[in-house]
Amino acid sequence: MTNQAEEKRILIMAGGTGGHVFPALAVAKYLSQQGWKVRWLGTAERMEARLVPQHGFDIDFIDIKGVRGNGLMRKLAAPFKILRSVMQARAVIKSFKPDVVMGMGGFASGPGGVAAKLSGIPLVLHEQNAIPGMTNRLLSRIASEVLCAFEGTFTDIKAETVGNPIRKELIALGDKRESCCDDDSLKVLVVGGSLGAKIFNDVMPSVLEGVSKTHSMTVWHQVGRDNLVAVKAEYQRLGQDGSVSVAEFIDDMEAAYRWADVVVCRSGALTVSELAAVGLPSLLVPYPHAVDDHQTKNAKVLVNAGAAFLLPQPIVDTSKLMTKLSMLASDKQELCNMGQRARDVAILDATERVANVCIRLAEKG
């Protein structure tokens, strides 16, 4: 069922979170520049429905909502809903005739992966996290190629470590990053995701107040939706509003990374890979409710390299963060060393590696 036209085609399944969608977009853009026709498979309610068309790619939707749940009726209905979504995915494959199907996570990957296998189309999986999700664990048994971002992600099957595809602008930023702390003030970027991280919003105003008594420190704090007024008021109450920029969202992360000397953040897979690529030291506070605690495993990639500090959320307080940031403010050379160690573990050609696997499978026919 391989497409006989000269133009190669790929159907990409990635959705739900930016950690799935953005790496997939990097691969999609690369293959598109190589003359490939790219189409997406996702769900209408998740972020891929908005993001993918914004980047110029067509998307088809399958209906798999309601599969998860604890109610008896949902459990009884689940097999039928999964079967229906597989049939919907097969219809897309029959119409589009891809040479390769690639799954990078999200609800559509499961049905789409099964449909690819039933249709005789090569299936490539890419796992972004250091611990594989349930869908990729199951699909890995039927995939043509299994790829992962971090060494040791899959322990019972053959998998190739290729890194996480990230935007080429961030790789270029890391290439240009020649020094850190080029002035006296320690510049701290605090990123809590689109909803913010309550722990950061609660403690960072006091951290800035405490560190500023002995060191010069400025903060760029992304607080998330609906948190701007309260967090800004707390910085102001503590007399720190002149040393902080508070924003609900940071649209230009390239500019934020360029500005920062150190980052305080969660440890999602894409974040960890971006920190490595741009060569930034970090204080990582894994999201404690992540499935299988995969963010802690992600963080250890940088921590074990000496590029980051791991701070489990239950022990995070003003004192802990003050101690770490004061230490870095006092030792600029170590700050630079940590940034270099982060860069040393980066896999900078991840996009090309993933794309080349797809190209190789398509050429095999």
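Placement of Cβ uses the backbone N, Cα and C atoms for every residue, glycine included.
Lifted from Swiss-Prot, the feature list:
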{"type": "BINDING", "residues": "THR17, GLY18, GLY19, ASN129, ARG167, SER194, ILE250, ALA269, LEU270, THR271, VAL272, SER273, GLU274, GLN295", "note": "UDP-N-acetyl-alpha-D-glucosamine binding site"}
LEU270 (UDP-N-acetyl-alpha-D-glucosamine binding site): tally of other CB atoms within 10 A of its CB: 21
Winner by Cβ contact number (other Cβ atoms within 10 Å) across the binding-site residues ILE250, VAL272: VAL272
Residues that sit under 8 angstroms from THR17 (UDP-N-acetyl-alpha-D-glucosamine binding site) by C-beta distance, when 6+ apart in the chain: MET47, GLY105, GLY106
For GLU274 (UDP-N-acetyl-alpha-D-glucosamine binding site): intrachain residues, at least 6 apart, with Cβ closer than 8 Å: ILE166, LEU170, MET253, TYR257
Packing count at GLY19 (UDP-N-acetyl-alpha-D-glucosamine binding site) (other Cβ atoms within 10 Å of its Cβ): 20
